[in-house]
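These come from Swiss-Prot:
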type	residues	note
TRANSMEM	27-47	transmembrane segment
TRANSMEM	74-94	transmembrane segment
TRANSMEM	97-117	transmembrane segment
TRANSMEM	128-148	transmembrane segment
TRANSMEM	164-184	transmembrane segment
TRANSMEM	201-221	transmembrane segment
TRANSMEM	241-261	transmembrane segment
TRANSMEM	284-304	transmembrane segment
TRANSMEM	333-353	transmembrane segment
Amino acid sequence: MFYLIASAEGFSRLFNLIRYITFRTGAAAITALLIGLIFGPRFIGWMRIHQHKGQPIRDDGPKTHLAKAGTPTMGGLMILIAVSISLFLWMDFANPYVWACIAVMLGFGVIGFIDDYDKVTQNSTRGVSGKVRLLWEFGIAFFACYLILKDGNTQLYLPFYNGPVIDLGWFYYPFAAFVIVGTANSVNLTDGLDGLATMPVIIASLAFFVISYVVGNAVFAHYLGIPHVPGAGELTILTGAIIGAGFAFLWFNAPPAAIFMGDTGSLALGGCLGTIAVATHHEIVLGIVGGLFVAEALSVIIQVGFYKRFKRRVFRMAPLHHHFEQLGWSEPTVVIRFWIISFALALLGLATLKLR
């Protein structure tokens, strides 16, 4: 909204700052942060009243988690509302990349909300069928890929390598959709401890703030030897809003959590990160920056596959964070150490921009 005002004749001098992406990114972060902090307590109180029993706790999980019974879920709604309002105020509505990310964020958020609602109302940990959920997720992801790939760039870029490796052509669509859906569900699997998924999402968003900015800037992109995507710089406003809303949510999600993110938030934020990676053509770098999410997802895949084949478990419990809990690590220890790993991986991912 403010961007449109700044573009209007007669307001150019008064609102000149709004033309700058960096200013709008900071403003979006502060706006989302304030919305979350101010309205968070009321939102949590409302959720406590209407959810009664709160988030169902798995019987086969760590026994220490049973003490969390009654904690409300669907906290991702708070994040989505804060991000959406912030984007409405600060984004450029004419940018197709932002709309692709919003479509995934809200679409996956709806899927997660339905899943959370089903769990809460049925007092069950099962939720929506996995096949049904994946079907809708891939449908939304392919739509986002259609919006993003109108420029026709279907080339694949690798870290530490200067220039494109291969033109995937039509195969880029399923590849990109897999990145989006895979990231969403990986973040969803990571969201198992208080604050565990929130900070890595914030860290990954910070990394892709940098990536989006340099990819959208022709001078920086040419200097670094990375793909230049005109208009991708606008995605920094989205990353700023996610960072601000994420910190606001973490204020209430820090141990002991007053509210859980739920599938509403984890699917939406993970899908949005995947879409940003596709839009900036840094899909493989996302695998480095979001290496924690990849490790969590792989631990589940390995555990299930190995057990089906050999009737033995590789990990004491999956996802990976539960394995370390079973080794005797306290929940805060697991969370903080995973945060440190996430930060280190983000630095490594950013290093690939220069080391080519």
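Every residue gets a Cβ built from N, Cα and C, even glycine.
Only pairs six or more apart in sequence are counted, and the transmembrane segment (164-184) with the transmembrane segment (284-304) gives three or more Cβ pairs under 8 Å, enough to call it a contact. Tertiary proximity for the transmembrane segment (284-304) is limited to same-chain residues at least six positions away from its ends with a CB under 8 Å from its CB atoms, namely 156-159, 179, 182-183, 185-187, 189-190, 200, 203-204, 207-208, 211, 270, 273-274, 277, 313-315, 318-321, 323, 338, 341-342, 345-346, 348-350, 352.
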